[in-house]
Amino acid sequence: MTFATLGLIEPLLRALEALGYQTPTPVQAQAIPAVLAGRDLMAAAQTGTGKTAGFAVPLLQLLTMEGPKVTANSVRALILCPTRELAEQVHASVAEYAEHLPLTTYAVYGGVSINPQMMKLRKGVDILVATPGRLIDLFRQNALKLNQLQTLVLDEADRMLDLGFSEELANIYRMLPKKRQTLLFSATFSDDIRLLAGQMLNDPLSIEVSPRNVAANTVKQWVVPVDKKRKAELFVHLMRKGKWKQVLVFAKTRNGVDALVDKLQGLGINADGIHGDKPQATRQRALDRFKASDVQILVATDVAARGLDIEDLPMVVNFDLPIVAEDYIHRIGRTGRAGNTGEAISLVCADEVNMLSAIEMLTRQTLTRKMEQDFEPEHRVPDTDASGQVVKKPKKPKKPKTSGGGGKRNLGKWVESGEVAAEPSIKPVRKVPVFNTGPRKKK
Ligand code: AMP
């Protein structure tokens, strides 16, 4: 299959060719014809699957071929993203795909001055990429009208709900014209996402591309048990031992990011950090420098790093395990992309055993544990497996009362990682009368 056989117009084919896209990815092969046919879409696909082109390319074609010219302060297509970085990234891709088309594109998000954004919107924009909060601000200040909207894209919808944007989404929903095309992309399909889809989508086509397999098959994953207080030391040790060149490191909190960056910089290591407390320009600069290999270690919280596409990233380190098990899949999905292989290492302390267990249950695999010499934890990480069981006190074999063998510390168990099962199929969308505005799991 080629992009031409999907019915794309020449200027788009030329742009894709220039980007080196030869064949459509599975999500593109399914999404492009459906979007061109005007269908609503509910797609289970995460970053790394080519989903951005999956929605943006046919969207650009529709906007070129159909609909009136954009009027002042209006937008014809709106792409909602959970984070500023993702909004920038999606916009950069859209602008590349639109290179030979007579369409305007723009991205708006918080953390930067609103005035230039208001100015830019005056003439109207064909495709606007936005984070929910800033979109609402612009709308309330009459800088933006949505009556010309033809298509709405919800990108990483699950993450928008995780980040507490459900109220904003409900507000945006009320601002939208009834007649429109809606495309929803989400890595996971929780009940809340289904509620959202039931409200926003009309007879959607479901697409699924088993993203979990995509990530897991190309990413070598393992766990290094360690005491909490020695994590930074272990990280530096592993980094030097493995001669790591470019590593994206995930820490749980903003303070955790800052502490690790300080520590690494103190050791003369070229590290920088991104998290929600930092100004947008600083975040973007750190990210750009990391992508350009000017920064070796980028330490990030989940919020800041979600959805980032960094070419050929060889290694992801979970300095802390994520509280939400789904985030593990997103994190390791930063590496092993586009057919490359990658490594994902998690430094796990005893406190995190329940998170480890949740991750293993979700990904249906028991992660290999590799004990690092001289870093064996004093607080043992209890055994876990894909069944979700945490073995707090492993049964000790009845030992004969002889010398030898006693007194040895349990250095943890080595378990080979199994295959990851495919993501469960998407259940049909439920139509619900009321928009769910509550935070996740609060129903
Ligand atoms: P995405 O999942 O949209 O973030 O895309 C992941 C990466 O795959 C990006 O770097 C895209 O430029 C790249 N990509 C998307 N579609 C294709 C394709 N058909 N062929 C080659 N690379 C692609």
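Cβ coordinates come from backbone N, Cα and C, glycine included.
As annotated by TrEMBL, compositional bias 'Basic and acidic residues' applies to 374-383.
Sequence annotations record features per position, and here TrEMBL assigns compositional bias 'Basic residues' to 392-401.
Per TrEMBL, the feature domain 'DEAD-box RNA helicase Q' maps to 1-29. Taking the domain 'DEAD-box RNA helicase Q' (1-29) as a whole, pLDDT averages 93 in the prediction.
Residues or ranges marked as domain 'Helicase ATP-binding' in TrEMBL: 32-207.
Among the features that TrEMBL reports, domain 'Helicase C-terminal' is placed at 218-383.
The region 'Disordered' feature in TrEMBL is assigned to 374-443.
As annotated by TrEMBL, motif 'Q motif' applies to 1-29. Below 8 angstroms of C-beta separation, residues 36, 43, 45, 49-51, 53-54, 57-58, 60-61, 64-65, 96-101, 207, 209 of the same chain, each at least six residues beyond the ends of the motif 'Q motif' (1-29), sit close to that stretch.
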### Query
Helix, strand, coil residue numbers for the compositional bias 'Basic and acidic residues' (374-383) per DSSP?
0 helix, 1 strand, 9 coil
### Summary
Residues in the motif 'Q motif' (1-29) per DSSP class, helix first, strand next, coil last, are 16 helix, 0 strand, 13 coil
